[in-house]
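Structure, as structure tokens:
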Amino acid sequence: MTQLSSLPAWQSLTQHYREISGLHMRDLFAEDPQRFERFSLRLDDLLFDYSKNRITVQTVSLLLDLARQAGLKEKIAAMFRGDKINVTENRAVLHVALRNRSNRPIYVDGRDVMPDVNRVLAQMRKFTESVRSGEWRGCTGKAITDVVNIGIGGSDLGPKMAVKALSPYAHPRLRVRFVSNVDEADLLNNLRDLDPETTLFCISSKTFTTQETMTNARSAREWFLTKIDDQSAIAKHFVAISTNAERVAEFGIDTANMFEFWDWVGGRYSLWSVIGLPIALAVGMDAFEALLAGAHKVDEHFRTQPFERNIPVIMGLLGIWYANFFGAESYAILPYDQYLEELPAHLQQVDMESNGKMVDIEGKPVDYSTGPIIFGQPGTNGQHAFYQLIHQSRKLIPCDFLAAAQSHHSLGRHHEILVSNFLAQPEALMRGKTFDEAKDELEAEGLTGKGLTELAAAKTFPGNKPSNSFLYRKLTPETLGTLIALYEHKIFTQGAIWNINSFDQMGVELGKRLARTILSELADDDRVFAHDASTNGLINYYKEIR
Ligand code: F6P
């Protein structure tokens, strides 16, 4: 047994699971009129309702014991203190410093990082204001109309999600788009309608070595130079966002046009840094700082609230309850908000790259499941795609439902219809429909005789499917910051309890290395024998038909 699975709270939860797994939430609601009040929390206008979970008061108490016994409090303090908790890379993990609106000093290696954070924020403000006002001119004197962010993973997903989410706040002249895939279709289709004289490329890469980003960046530069045959024009149309000044200079971007961040910012936690430049270009620096403020509010909540009132801690513990005791393997993120269309994809990276680990912090194999498979898409679309399996398969898929009480628009009853679905789905998942209820309904419709039993069986919903609901006033920059930070700290909570390093991503390395070898083998038409038979076969067939 590992350190975690031998904890008394883990043992008690294993036993407790046996006792309560048969309970139905319908009954738990019927028995306790206070269940909603008991199992919901507020953070300003955000309501977090976790009452539709397969928990009792005792479950929560045991989960809180687990958090305490696993040393969560000390681990939270270590992160905020700037300790090098990313042990494999010997780095601090300080995305919280990027949004530390209190300016409280935060030290890395004895040096307060806040002056650097504030300096880059000021640089961002100056630059974004000049682009947005039209003061920043392209090489032929025209204002910028299009921003193309070239980046991948954390240098793409976070900003892309936030730009989409905050599009009601976007500058009317500036269109911001994202190119990430090395598949040339991505770049070419995005370049097609662009005017190089009014386009600004942001080359976003923490390392400035990522194959996809550097390939796209080189091709974008080539495209630009074939249209505008003037090397000096690059300075007006290309900026770099990176921690690697040397590589930026090598690429040919003047380091005066470079925006810096630091190795203590993990890629998937970097939208708060200058990786968020496309967000600030789109919505302005005041809104970007409101986004930071929304996240900072959660940082303070996470750092100071007792675990029983701490939303990310509760979110994390519920995830552990299902992953490790119910054997749930996946988790659905279901925003009833078209503007949050990219949220599931962003959280997929944050969660799966952080907690998809099989050794603990000491390098020992874990004997418990870690990060879940994250998927999702906006409601109501998902209802007509994959909800069937959530409702009626044997799989247990915990869900998060998110919605704003106020829309940015007002078109007939659209928003009310959306919200009614946001409210109905968790209810349906929780309640289900018994065989007798289904049969009664069919009989009321006049159905009798043969086929009634089979039809009633097909229309039976087991229910007892857990979900959380997040309801907030409006999707403002501040609310968006709050939501993302809640998930980041949920993921932190889980990684801390699982005793894994949530801040490296060694698992993406092997494929990258093999692709480099294979790329060199694709340079000629010679047959290849160096790999396993399958890989050789695929390479050789590709060479034959390309
Ligand atoms: O997928 C691996 C990864 O290192 C991510 O963690 C990161 O967000 C992405 O690649 C992009 O890295 P970079 O910003 O250095 O180009």
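From the backbone N, Cα and C atoms, a Cβ is placed for every residue, glycine too.
What you see is a predicted model, and the numbers here were worked out from it, not measured in a lab.
Under the heading active site, proton donor, TrEMBL lists Glu353. Around the Cβ of Glu353 (active site, proton donor), 22 further Cβ atoms fall within 10 Å across all displayed protein chains.
Annotation comment: TrEMBL describes His384 (among others) as active site. Using a 10 Å Cβ-Cβ cutoff, His384 (active site) registers 9 neighbours.
The active site annotation in TrEMBL covers Lys512 (among others). In sequence order, Gln211 constitute the residues six or more apart from Lys512 (active site) in its chain with CB-CB distances below 8 Å. Classification of Lys512 (active site) by DSSP places it within a helix.
In the three-state DSSP scheme, His384 (active site) is classed as helix.
Secondary structure from DSSP puts Glu353 (active site, proton donor) in a helix.
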